[in-house]
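Novice: One structure coming up, written as structure tokens, with questions to follow.
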Amino acid sequence: MKVKLRIKRFNPEKDKEPWWGEYDVEMDPTDRVLDALHYVKWHIDGTLTLRRSCGHGICGSDAMRINGVNRLACKVLLRDVAPVVTVEPILGLPVIKDLVVDMEPFMAQYRSVMPYFVNDEPPPPRERLQSPEERAVFDDTTKCILCACCTTSCPSFWARGEYVGPAAIVQAHRFIFDSRDRAAAQRLEILNEPDGIWRCRTVYNCTNACPREIKITEAIAEVKKALLFSRL
Amino acid sequence: MSTFQYDVLVIGAGGAGLMAALYASKSANTAVLSKLYPTRSHTGAAQGGISAALGNHEEDHWEWHAYDTVKGSDYLGDQDAIEIMCREAIDVVIELEHMGLPFDRTPEGKIAQRPFGGHTRNYGEAPVRRACHAADRTGHMILQTLYQQCIKHNVNFFDEFQVLDLIIEDGVCKGAIAYEIDTGEIHTFHAKAVILATGGWGKCWSVTSNAFTLTGDGAAIVLRHGVPLEDMEFFQFHPTGIWKMGILITEGVRGEGGILRNNLGERFMERYSPTLKDLAPRDVVSRAIYMEIREGRGIDGKDYVYLDATHLGRERIEKKLPDIADFCRTYLGIDPAEQPMPVQPTAHYAMGGIPTDVDGRVIVDANNTPLYGLYAAGEVACVSVHGANRLGTNSLLDLVVFGRRAGIHAAAFANEIEFQPIPDNADEPTRELVERVRTHDGDENVATIRAEMQKLMMNNVGVFRTEELLTEAVEKLKELKERARNISIQDKGKRFNQDLLEAIELYNLLDLAEVTALSALNRTESRGAHSREDYPERDDENWLKHTLIYREEDGSYRFDYKPVTITKFEPKPRVY
Ligand SMILES: Cc1cc2nc3c(=O)[nH]c(=O)nc-3n(C[C@H](O)[C@H](O)[C@H](O)COP(=O)(O)OP(=O)(O)OC[C@H]3O[C@@H](n4cnc5c(N)ncnc54)[C@H](O)[C@@H]3O)c2cc1C
Ligand code: SF4
Ligand code: SF4
Ligand code: FES
């Protein structure tokens, strides 16, 4: 199958402005967009730059805008997006080169919500018990791979880069609703700040973008509810 | 350029590296260097589970676990190390739970466990539930949990720093040279102890479950410094990779009751392993699949069979194996609750690697002489707990048990000694390498040579091997290495130059492919994952020993051997 790739290119060492590179490649319909990008990189233009590792949607390296929607290039088959495939870096983070963006602002937001288990009570000799029901409450948000598809498709984040963003809220949710954790109140306080959860306008972009199919808007709503009902 | 100084330097941020870093940073100034953001490491791809004889569902003992591991290793695993691993398994899994790892739960609220290949009750009687799991994303949860704990404890990270060399002088490791991917700068890291945790090298083969970035950098670097690699002929092919793509379908599918079928619909594993059937160890199942294909019982006469989970019911599949269901829908366009999955063996796991003792110290000969200051843990290391064939769920266990031990030992070592002086030009060889690759004007292409190597390794150094195939592989690899000197890259810049790094990674892969083929040619017996059609029997008299392969200054290779440590379990014929 013939595929035309339109890739937004930018190399700060050479280019003043981003430009569109067009590449015609012959691929199988069941190939991934990542395979097509690799074809270009390996056989047409070795300077094309992108992050990738696992190749099957679990490491979160290759978030990019594919035909205007945030996707992992390794999780989109060409047959679903061809014949013309437009690929751009995700929006709202500084571009380093081609499809590679600076993830540090995103990771800083992640770190800001205490994304780690807190329980200073002396642990029992065996595992802390947790019922399957208690475990199920936060199952969905444990799936996050920090790909940034959600945050970089959020209009509130585009409008204000300081907004903590859906990915960080997902991480906070994972711990707030873990029956074993003891720092929910602190996380809720962090999310109650001006650039916290209230900037979310419930537009659902994030949920549609999540390659792990996490029900992000629902998770955000649960955290908002927890905030309203906690006496902060 | 800058020079950094840390007591302990951890290279690699997968399960092994992060566990080592958590422990080392408790008492020593520690930094982690990783060519990927830590959460991108391939530990996150691990699906099925981590083993520990918790006995949460039924009676289990670490001694049974040790026996299974020894037998699974085809008696090549070192039994002292295996005992340590299986004993510490219980405590380390509980520790992970205390760090917040969200395991699935039993109705009583304990960690849930499922059966896995080769794990049995009472020394081989029947499968036992020993694999602790979090759906089919156990590795993801381990990686996330360890990274979260590192954030909590303010571990220093240098993300997207690719290590290209180690500083080793007079039998002492004193640091590493790293390439900062974003800027193209080369930095010197001066350290008292270095822990290598760079993972495997599945990218030597064309069909693999491994990430594009698993290029065996750590193993290739030490090989060039005269450190031997151990048991490189043993590379595991996992029986169930998605046909042609290699993406892994966890053994957990069979743990939950999935069945392998040939084109006649037969449950063929009954013939190869009457007791454990589909839950036989991986080497046994991979060979069985190849035999079926060879005898014309592949699906549609092609090189794959079916993994059938349709009888498990949609609910069980969506609950216990959600990611597998997602892979099937995404990449195959099929629903595993309705249709069987097309699978073939996929290059998966390096049993061999950098020889270490049980504290992670790298050793350089059969007398266990340590290379001071250098440690290795995780898939890159060979302790050896997996011997000739690793049991599923034992790798995640290996990462955390020996990652922890290496971290503790390295920090203690660092706290006892002073920084050893390093030469001013320690980074010189790396600068030369980078400049040569950047500027060389040749007519070869990285991707072409890599693809040829991968195909060659798949065909000639795969599940079944012969002298003829292996000799041909060795010769062709020599040619490919020769051609690779003539590679020319297109990206001449400094920023995020992956073109350059892929070329350097290819050199690493070629070296590891070469030592794998040479070691396989050298071992004239069949044991575990190493199956020689011209030597079909296990030969304990001559080959109950570890291979050590050394690279000499002139680029030639030399073999030596190390005895296997046997404590309780004398080698017996291996039937399942
Ligand atoms: C698909 C799949 C499923 C699996 N499922 C299971 C399972 O269910 N149970 C089980 O026990 N095992 C499983 N395994 C095996 C197990 O997951 C791996 O063996 C293990 O995760 C390897 O961990 P590691 O820490 O050694 O390396 P990795 O997690 O691979 O990490 C390597 C690290 O090294 C870094 N690195 C590499 N080279 C350099 C360099 N030059 N400079 C700087 N950094 C570098 C990388 O950035 C990365 O951080 C599975 C493996 C695969 C592929
Ligand atoms: S629902 Fe909230 S977080 Fe998600 S995209 Fe909309 S505004 Fe952003
Ligand atoms: S919530 Fe989903 S989209 Fe957002 S970072 Fe996590 S995995 Fe990616
Ligand atoms: S390459 Fe890992 S998510 Fe796409």
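Yeah, the Cβs are placed from backbone N, Cα and C, and that goes for glycine too.
Annotation comment: TrEMBL describes B:R282 as active site, proton acceptor. Among the features that TrEMBL reports, FAD binding site is placed at B:12-17, B:34-49, B:D217, B:E379, B:395-396. What TrEMBL records for B:H238, B:T250, B:H348, B:R390 is substrate binding site. Residues annotated as coiled coil in TrEMBL: B:463-490. Sequence annotations record features per position, and here TrEMBL assigns domain 'FAD-dependent oxidoreductase 2 FAD-binding' to B:7-396. Feature annotation from TrEMBL assigns tele-8alpha-FAD histidine to B:H42.
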Novice: Can you tell me which of B:G12, B:A16, B:R40, B:R390, our binding-site residues, come within under 6 Å of ligand 1 at the Cβ?
Specialist: B:G12, B:A16
Novice: I'd like to know which of the recorded positions B:A16, B:L36, B:R40, B:H42, B:R282 sit within 10 A of B:T250 (substrate binding site) at the Cα level.
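Specialist: Cα within 10 Å of B:T250 (substrate binding site): none.
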Novice: Need one number for the substrate-binding residues B:H238, B:T250, B:H348, B:R390: the maximum pairwise CA distance in Å, whole number please.
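Specialist: Max Cα-Cα spread across the substrate binders: 14 Å.
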Novice: Could you give the Cα-Cα distance between B:R390 (substrate binding site) and B:G44 (FAD binding site), in whole Å?
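Specialist: For B:R390 (substrate binding site) versus B:G44 (FAD binding site), the Cα atoms are 19 Å apart.
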Novice: If one measures from the C-alpha of B:S395 (FAD binding site) to the C-alpha of the residue listed as 'tele-8alpha-FAD histidine', what distance in angstrom results, rounded to a whole number?
Specialist: 12
Novice: For the binding-site residues B:G12, B:H238, B:R390, B:S395, which residues show a Cβ-Cβ distance under 8 Å to chain A?
Specialist: none
Novice: Return the member of B:H238, B:R282, B:H348 nearest to B:G44 (FAD binding site) in space, with distance defined Cα to Cα and candidates limited to these recorded positions.
Specialist: B:H348
Novice: Taking DSSP as the reference, which of helix, strand or coil describes B:R390 (substrate binding site)?
Specialist: coil
Novice: Within 8 Å of the Cβ centre of B:H238, B:T250, B:H348, B:R390, which other residues of the chain have their Cβ, at the recorded substrate site?
Specialist: B:S209, B:Q236, B:L248, B:E251, B:R282, B:Y349, B:G392
Novice: Measuring C-alpha to C-alpha, could you say which of the binding-site residues B:A16, B:L36, B:R40 are within 10 Å of B:H238 (substrate binding site)?
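Specialist: The binding-site residues close to B:H238 (substrate binding site) (Cα within 10 Å) - there are none.
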Novice: Out of B:R40, B:H238, which of the binding-site residues is least crowded by other Cβ atoms within 10 Å?
Specialist: B:H238
Novice: Distance check, please: Cα of B:G48 (FAD binding site) against Cα of B:H348 (substrate binding site), rounded to an integer number of angstrom.
Specialist: 14
Novice: When DSSP is mapped onto helix/strand/coil, what comes out for B:G44 (FAD binding site)?
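Specialist: Where B:G44 (FAD binding site) sits, the three-state DSSP reduction gives helix.
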Novice: Roughly how many angstrom lie between the C-alpha atoms of B:H42 (tele-8alpha-FAD histidine) and B:L36 (FAD binding site)?
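Specialist: So the alpha carbons of B:H42 (tele-8alpha-FAD histidine) and B:L36 (FAD binding site) sit roughly 10 Å from each other.
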Novice: Tell me which residues of the chain lie with their Cβ under 8 angstroms from that of the residue listed as 'active site, proton acceptor', as long as they are six or more apart in sequence?
Specialist: B:G117, B:G118, B:Q236, B:F237, B:H238, B:P239, B:E251, B:H348, B:N389, B:R390, B:L391, B:G392, B:A529
